Amino acid sequence: MQPSLLDRISSVTGNRSKRHAKFRLGRLQQPPTESTTRLAISDGAQAIDETKSPRQSEPGATQCKSEGSGDDIADGPQPMPAPNEGDTPTLDELQQGPNPRGSGIVSGWKLAAVLTALSLAVFCMALDSTVLSTAIPKITAEFNSLHDMGWYVSAYNLTISSFSLIYGKLYSLYRVKWVYLSTLFLFEAGSLVCGAAPSSLALIIGRAIAGVGGAGVFLGSMIIVHEIMPLHHVPLFLSLISGLYGIASVVGPLLGGVFTDYVSWRWCFYINLPIGGVTALIIVLFVRPRARDQATVKKTVWAQFLELDPLGMVLILPAVMCILLVLQWGGAKYAWSNWRIIVLLVMGGSLALTFTVVQLWQGDRATIPPRIVRNRTVWGAIVFAVCLYGSFTVFTYYLPIWFQAIKSASATRSGIMNLPMILGVVVCSMLSGWAVSRVGYYVPFMYMAPVVGSIGAGLLTTLHVSSGPAAWITYQLVLGVGTGAGMALPLVAVQTALAADDVSTGSAIITFTQTLAGALFNFVAQSVFQSRLVHNLNAALPGVDTARVADASPMEIRSAIEPEYLPQALDAYSVSITQVFYAGAALCALAVFGVLPMKWLSVKGSRIQPVAHA
C-alpha cells in the first residue's frame with residue numbers, strides 16, 4: 001500500500017506532528033504568486049529556488065550541489081541535515097516518491113524491456129562500426145569501387161564523432177524520448193539506404209546518415225538509463241551497455257562474414273531494421289517523456305534555435321572532419337607534406353580555435369558550456385575517458401593484427417583469440433557497475449582501471465613470436481579486467497556530479513571525447529606501426545627488399561618474402577606491434593591523472609526536480 005502524501009511529508013520532517021505536516025501540505029499546495037518564483041515550504045525563510053536542481057542524498061550518502069564549476073561539492077560522506085537546515089522536497093517529489101528524476105522511474109518487466117531495447121539499439125549501432133570489415137571485398141567487387149573502400153567505414157565514424165556534441169544540446173533542450181526516437185529513425189533510414197544501395201555512392205550516403213543517427217542513439221541510450229531508474233542503479237546498467245559495445249566490436253567482423261558468405265552483405269544493414277522497430281515501440285510505450293523546461297517552452301522558435309548554438313555547430317562539424325581526415329590520409333594516402341594535408345590541418349586547427357573562442361563567448365548557451373568543463377570531476381572524467389578509451393582502441397585493433405601476422409590466424413580466428421580481453425572488459429565492467437551501485441563511490445574503481453590495466457598492457461608488450469596461449473590469454477584477461485573496471489565510469493561520474501539539466505550535455509562531452517580519442521589514437525598507432533615496421537625490417541634484413549612485407553596485409557607476409565628470411569621478418573613484425581603496445585600501455589597508465597582531481601561523490605542520492613507550472 002502506497003503511503004499518502006501527508007505520511008511522506010511527516011516522514012521527511014522527522015518527529016513532527018501531523019498537524020504541522022498538514023500545515024506544510026497546505027503551503028505546498030498553494031499556487032505560486034506572480035510576484036515570486038520561489039516556493040516557500042517551511043516556517044522560516046527557507047525556500048527552494050525553482051530554477052535549480054540540487055541533489056538531496058539518502059542517509060549516508062554525499063550531500064552536494066552541482067552549480068558553477070562544481071568546486072562547492074563537499075568531499076566525502078556528509079550527514080543528513082536536520083529538516084530545517086537543508087533542502088526540503090518539492091510537492092512533485094513527495095507525490096512521485098523517491099528519486100523523481102527526469103521522465104519517471106520505470107520498474108519491473110517494463111524496466112527490463114526498456115533496458116533490453118536500449119542495449120540492442122546500442123549493439124546495432126556499435127556493430128555497424130566493424131561489421132563491414134569482412135564484407136568490403138564483396139562490396140568492392142560488386143560495385144567495382146576499390147577506391148571508395150575507405151569511405152565505407154569513415155563516412156560512418158566521421159559523422160558519429162561530429163554529431164555527438166550537437167545531440168547533447170538537443171537532449172538538454174527537448175524531450176529525451178522524442179529526440180531519441182528521431183535519431184533512431186535516422187539510423188534506421190541510413191541502414192535501409194545502405195541495404196538497398198544500387199551504387200557505391202548510395203552506400204556511402206547511407207553510411208553517413210546512419211552515423212548521424214547512431215551518434216544520437218548511443219548518447220540517448222545513456223541518458224534514458226539515467227532518467228528511468230534511481231541514480232544508485234545507473235552504474236550497473238551503464239556498464240552493461242558499455243560492455244555490449246565492446247562485444248559488438250568483436251562480433252561485427254564475424255557476423256559480417258556470416259552474412260556475406262551465406263546470405264548477402266546487404267543483411268549487415270537489414271538486420272538493424274527489425275531491432276530498431278522493436279526498440280522504438282518499447283520506448284514509445286514505456287518511457288515517459290521528461291517535461292520540457294518552462295523557460296524553453298515560452299521562447300520563440302528563433303530563440304530556441306539560438307539556444308542550440310548554431311555558430312558552434314557550424315564550426316565543430318568541419319573542424320572534427322578536417323582533423324580526422326588529416327589523421328586518416330596523412331602518411332598513408334598522401335605524404336604529410338602534401339598540400340591537401342597542409343590545407344586540412346590549417347583549416348581544422350583554425351576552426352577548432354575559433355570554436356573554442358565562441359564557446360567562451362557563448363557561456364551557458366555554448367555547445368560545451370565552460371562552467372561544466374571547469375567542474376573538476378568533469379574535466380577529470382574527460383582525461384580519464386580519453387586515455388583509457390584510446391588505450392583500449394589500440395589493443396582492440398592491433399592484437400588481432402598480431403594474431404594474424406605472427407600466429408597465421410584468419411580474420412575470424414583472430415577475433416576469437418581476442419575474446420579473453422573482450423570478455424574481461426564485459427564481465428569486469430558489469431561487476432564494477434554492480435559494486436559502485438552497492439558501495440556508492442566510483443572513484444576507487446576508477447583508480448583500479450589504470451593500475452590493473454597498465455599491468456596487463458605492459459605484459460602484452462613482452463609478446464614475441466614463440467609466445468604461447470598461456471601468455472596471450474592471461475595478459476589479455478589482466479588488461480580486460482583493468483579496462484572494464486573503468487570503461488563506463490566517466491559517464492557515471494559526470495551524471496553524478498552535474499545537475500539534472502546538465503547531464504545530457506556532460507554525457508555528450510564524454511561521448512564525443514571518447515569517440516574522438518578512439519579515432520585519434522588509432523591513427524597515431526597506425527603511424528607508429530608503419531614507421532617502426534620499416535625501420536625494424538631494414539635493421540633485421542639489411543640489403544633485402546622489404547617493401548613487399550611492409551605493404552602486405554598481416555595474413556600475406558609469409559608469401560611476401562623468401563622462406564629463408566621469414567623468421568627475421570616475423571620477429572621484426574612482432575616487435576613493431578609490441579612497440580605500438582607501449583603507446584597503449586602509457587595511455588592506460590596516464591588515465592590515473594584523470595582520477596586525481598575527482599571529488600568523492602556518492603551515487604546513492606536523488607535529485608529534487610523544480611516544480612513546473614504551466
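In case you wondered, yes, glycine gets a Cβ from its N, Cα and C as well.
Here is what Swiss-Prot says about this protein:
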{"type": "COMPBIAS", "residues": "16-25", "note": "compositional bias 'Basic residues'"}
{"type": "COMPBIAS", "residues": "30-39", "note": "compositional bias 'Polar residues'"}
{"type": "COMPBIAS", "residues": "56-66", "note": "compositional bias 'Polar residues'"}
{"type": "CARBOHYD", "residues": "N15", "note": "N-linked glycosylation site"}
{"type": "CARBOHYD", "residues": "N375", "note": "N-linked glycosylation site"}
{"type": "REGION", "residues": "1-99", "note": "region 'Disordered'"}
{"type": "TRANSMEM", "residues": "105-125", "note": "transmembrane segment"}
{"type": "TRANSMEM", "residues": "151-173", "note": "transmembrane segment"}
{"type": "TRANSMEM", "residues": "185-205", "note": "transmembrane segment"}
{"type": "TRANSMEM", "residues": "209-229", "note": "transmembrane segment"}
{"type": "TRANSMEM", "residues": "267-287", "note": "transmembrane segment"}
{"type": "TRANSMEM", "residues": "311-331", "note": "transmembrane segment"}
{"type": "TRANSMEM", "residues": "341-361", "note": "transmembrane segment"}
{"type": "TRANSMEM", "residues": "382-402", "note": "transmembrane segment"}
{"type": "TRANSMEM", "residues": "416-436", "note": "transmembrane segment"}
{"type": "TRANSMEM", "residues": "439-459", "note": "transmembrane segment"}
{"type": "TRANSMEM", "residues": "509-529", "note": "transmembrane segment"}
{"type": "TRANSMEM", "residues": "577-597", "note": "transmembrane segment"}
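The largest share of C-beta pairs under 8 angstroms with the transmembrane segment (105-125) comes from 267-287, of the ranges 185-205, 267-287, 341-361, 382-402, 416-436. With a threshold of 8 Å between CB atoms, the same-chain residues lying at least 6 positions outside the transmembrane segment (151-173) that come near it are 128-129, 132-133, 136, 139, 179-180, 183, 203-205, 207-212, 214-216, 218-220, 223, 292-293, 296, 304, 307-309, 312-313, 316-317, 320-321, 324-325, 328, 367-368, 501-502, 504-509, 511-512, 515-516, 519. The stretch with the most CB contacts under 8 Å to the transmembrane segment (382-402), chosen from 185-205, 267-287, 311-331, 509-529, 577-597, is 577-597. By the Cβ criterion (distance under 8 Å, sequence gap of 6 or more), the transmembrane segment (509-529) is counted as touching the transmembrane segment (311-331), at least 3 such pairs being found. Outside the transmembrane segment (185-205) by six or more residues, the chain places 124-125, 128, 139, 143, 145, 148, 151-152, 155, 211-214, 216-217, 266-270, 272-273, 276-277, 280 with a CB less than 8 A from a CB of the stretch. Within the chain, the transmembrane segment (267-287) has long-range Cβ neighbours (under 8 A, six or more residues past its boundaries) at 103, 106, 110, 113-114, 116-118, 120-121, 124, 128, 131-132, 135, 177, 180-181, 184-185, 187-188, 191-192, 194-195, 206, 210, 224, 228, 255-256, 259-260. The secondary structure of N375 (N-linked glycosylation site), as reduced to three states from DSSP, is coil rather than helix or strand. There are 25 other Cβ atoms within 10 Å of the Cβ belonging to N375 (N-linked glycosylation site).
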